[in-house]
Amino acid sequence: MKRVVVGLSGGVDSSVAAYLLQEQGYEVIGLFMKNWHDDSVTISNECPWLEDSNDALLVAEKLGIPFQTVDLSQQYQEKIVDYMFSEYKKGRTPNPDVLCNREIKFDVFMKIALSLGADYVATGHYCRKGEIEVDGKPVYQLLAGVDDNKDQSYFLCQLSQEQLAKSLFPIGELTKPQVREIATKIELVTAEKKDSQGLCFIGKVRLPEFLQQQLKPKEGLIFEVDATNQIYNQEKINFDSVQEKLAFEAKDIQYTPEVAKVVGKHQGAHYFTIGQRKGLNVGGTKEALFIISTNVETNAIYTGQGHKHPGLFKKALFVTNDEIHWIRPDLALTNGQTIQVMARIRYRQELQKATLHQFENGLYVEFETPQSAITQGQFVSWHIGDELIGSGVIS
């Protein structure tokens, strides 16, 4: 009998995942990850992990499966929290959920599970795993979940073949309402529980407050750039090569105070991200102000009025070679190659038509239509059909 360790998070999805595996005849073990216990860094006044681990325990008891808690808070601190702080310091905006899956759930946690004699690790993610043969060897596919509203394959966009080989996603074929229905039918305590929000496993994080504990406030100016500014009317140059054109399209505009007017003050450019409109506290504009650029060197924030402001849009983005990740290495591009894909630059964004261009220095993702708020440090994922084949960090 194959043994599966399920990452029981205390939510309804992983609870039902454990039940389904049991029904399929696996020997199931429930393992709860505790990822946070540093009381010196308060992340929010509600620390849900106690309640969550208790719910996970109740689910395990109900299903009659062994249950253990494993404390990964030190690894979480090193691999996720410290990384987040260093990225924010550089003015980038990291995605903790993608990192948590790559570094914790499918790495540290998976190794613990395998050491318990598990054949597989299962989670409550809304995605599916496929298997095909390439050159006589098995190749694993990361496929979108059946529930369009809940597809979570994006969060797993950094997984490797080795990790996928050992993974199971029991609820990927179901919709959220179906999962709740099963939980209600078998009377799981988590049946009505609300979906967890926020930083993978730490509960609700108020980011600026969380960041302030390491990144000190530093007053700076908020500038507004008019949508009709000449900076947006650069002559379309005749480029010598496709690469030159893409580099131009992916480049961030370097704003200076000369092209803008001061409209307010902020407490630190590193707390803000492109596309953000909350937390600026600047009134009196005809339309809402959106952040179009932050500069941590000069501690300046540049904004524009309205969600259609030209400063928000770019047609291409760049990923450096060491931050390109192919879930399907057999599909990886070599220098000079291109491929048509569908891509997204954030969770739950509708997939966008795009072309990947691989050059010696890295990969360009060129979109058919300009994209709003392409953000450094976030992940771009690329897909063919319902398969996620690769991803990279936006540079």
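Glycine residues also receive a Cβ, built from the backbone N, Cα and C atoms like all the rest.
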Among G117, G124, G130, G136, which residue does Swiss-Prot annotate as binding ATP at the site that also has G7, L8, S9, G10, G11, V12, D13, S14, M33?
G124
Rounding to the nearest whole angstrom, report the longest C-alpha distance spanning G7, L8, S9, G10, G11, V12, D13, S14, M33, G124, listed for ATP.
16
Given the recorded positions C100, H125, Q378, tell me which ones have a C-alpha lying within 10 Å of the C-alpha of D13 (ATP binding site).
H125
Rank aside, I only need the closest one: which of the recorded positions C100, H125, Q378 has its C-alpha nearest to that of G11 (ATP binding site)?
H125
Using C-alpha atoms only, work out the spacing between S9 (ATP binding site) and H125 (site 'Interaction with tRNA') and round it to an integer in Å.
11
Ten-angstrom check, please: count other Cβ atoms within 10 Å of the Cβ of H125 (site 'Interaction with tRNA'), all chains counted.
26
Closest to H125 (site 'Interaction with tRNA'): which of the recorded positions G7, M33, C100, going by Cα position?
G7
Rounded distance in angstrom between the Cα atoms of Q378 (site 'Interaction with tRNA') and M33 (ATP binding site):
25
